[in-house]
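Just below is one structure, and these are the notes that go with it.
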Amino acid sequence: MKYDNLLDRFIKYVKVNTRSDPDSETTPSTESQEAFALTILKPEMEAIGLQDVHYNPVNGYLIGTLPANNPTLTRKIGFIAHMDTADFNAENVNPQIIDNYQGGDITLGSSNYKLDPKAFPNLNNYIGQTLITTDGTTLLGADDKSGIAEIMTAIEFLTSQPQIEHCDIKVAFGPDEEIGVGADKFEVADFEVDFAYTMDGGPLGELQYETFSAAALEVTFLGRNVHPGTAKDQMINALQLAIDFHEKLPAKERPEYTDGYQGFYHLTGLTGTVEEARASYIIRDFEEASFEARKVKVENIAQSMNAQLGTKRVLVELNDQYYNMKKVIEKDMTAIELAKEVMEELTIKPVIEPIRGGTDGSKISFMGIPTPNIFAGGENMHGRFEFVSLQTMERAVDVIIGLVCKA
C-alpha cells in the first residue's frame, strides 16, 4: 500500500544528525539524539494519536502506547527502532530521490561517487522502484530512521482508520544501538508486551531471530623504549608485540573472509608507540561453544607471549556485549510464526537468516521480551553508498499493520 506521509517523514528524520559517540559516557551518547526525541518524535507521536508518550532521561527511550480497539485481540505487541546513526559523517544529510530507477549508475550528488550495479549488484533488485540515496558526502541514516518512519506511519494509518481492529501496541525509540549500548538500560516494566519486533533489518522479507554473540577485546602491549642505536637485546617494541599478537590469530577468520554462520576476530583499532600500544578487537560467533573458544584463544595467545617474554607485557581485557537471542526466542516461536504468516499473506517471502551483527532485540530478548528483527529496507548501510527503496518501506508498514490486526 502507498502511504502519503512516509517519504516526507523519512526525509525529515534523516536530515537530523543523530550520530552516536562511542567515547561518550552519557545516555544518550549525544545530545542530538535526545533533542530528536523531544522536539521531533514526541510531538509527532502525540499528534498521530499515541497515548502516554513519555521520554525516560535515564535510558534515552521514548515510549508511547496505542490501546487495542478490539478486546478480543488480547496480545500486546511492541515495535522498536533506534534513533542513532553509525560512525560516519551524518552532518547535512542531503537525500536524493530517484523515481522509477531503470538500472545503471546513480551519481551521488556532485561528488565523485556513484552507486554502480557492478559494485553493488543489489541495485538490480530495485528496477522500477523509488530509491532514496545520499549525495555522496554522508550516510543516509535509513539504519534506522526507515524503521522509525515505518512505525510512525503504521500508527498514523491505524488511528486514521478506527474501523481497523488492532491489539495493544507499544512503540519505543531508543538511543545508541550503533555503539552497542542502546538497550543496556531498557526498562521492561515500562514496555509491557508479550513480544516485540525491532524494525531494523535490511531488504524485503528479512525476518531474523539469530544474532551473533559478541565480545569486545582490548589488548594493551607494554614495551621498553631505548635508543634504537643501542637497542640490541634491550628494546621491546610494543607495536611489534601488537603485530605478533595479531598474526597469531587465524588469518581466514576475519570479517572479509567469513559469511553465514562463520564467526570472526576483527581488529577495529591500533594505536601506540614503542613504549605502549593498544589494539581493539570485536569477537563474534553464533554458537556458544565456539564463542567461548574464541575468547579462550586470545587469553592463551597472551599467556604464551608473556611466558616467552618472561614478564607480563600483553594485557587482555574481555567484555561480553550481547548474546545470540536464538536461545530465548526458540523457547516460544509465536513472534516468528506470526510474522511469517503475515508476510506470506502479503505475498512477501520470509527470508530467515542469521543477523551477522546484533540488534537491541538481542539484549531485550534476554531481559524477558522475545524481540526478533524485521526488514526496514536499508541497503549498504553505514556509509555513503547507503540507499533504501520506498516500496520496501511501504511493505514494512504493511507488515506492522498486519501483525497488530492479526494478533
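Glycine is treated like the rest: Cβ placed from N, Cα and C.
The Zn(2+) 1 binding site annotation in Swiss-Prot covers HIS82, ASP143, ASP200 and rests on sequence analysis. When secondary structure is read from DSSP and collapsed to three states, ASP200 (Zn(2+) 1 binding site) falls in the strand class. For ASP200 (Zn(2+) 1 binding site), the Cβ neighbour count at a 10 Å cut-off comes to 28, with all displayed protein chains included.
Residues or ranges marked as active site in Swiss-Prot (evidence: sequence analysis): ASP84. In sequence order, THR18, ARG19, SER20, PRO28, SER29, THR30, GLN33, PRO175, ASP176, GLU177, GLU178, ILE179, GLY182 constitute the residues six or more apart from ASP84 (active site) in its chain with CB-CB distances below 8 Å.
For the recorded site, GLU178 (Zn(2+) 2 binding site), the DSSP three-state label reads helix. Look at Swiss-Prot and you will find ASP143, GLU178, HIS382 tagged as Zn(2+) 2 binding site, backed by sequence analysis.
The annotation active site, proton acceptor is assigned in Swiss-Prot to GLU177 on the grounds of sequence analysis. Neighbour density for GLU177 (active site, proton acceptor): within 10 A of its CB lie 26 other CB atoms from the protein chains shown.
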(request) Only counting partners 6 or more residues apart, tell me which same-chain residues put their Cβ under 8 Å from the Cβ of ASP143 (Zn(2+) 1 binding site). (result) THR85, ALA86, GLU178, ASP200, ALA376, GLY378, MET381, HIS382, GLU386
(request) Translate the DSSP assignment of ASP84 (active site) into the three-state scheme. (result) coil
(request) Rank the binding-site residues HIS82, HIS382 by the number of other Cβ atoms within 10 Å of each Cβ and report the first-ranked residue. (result) HIS82
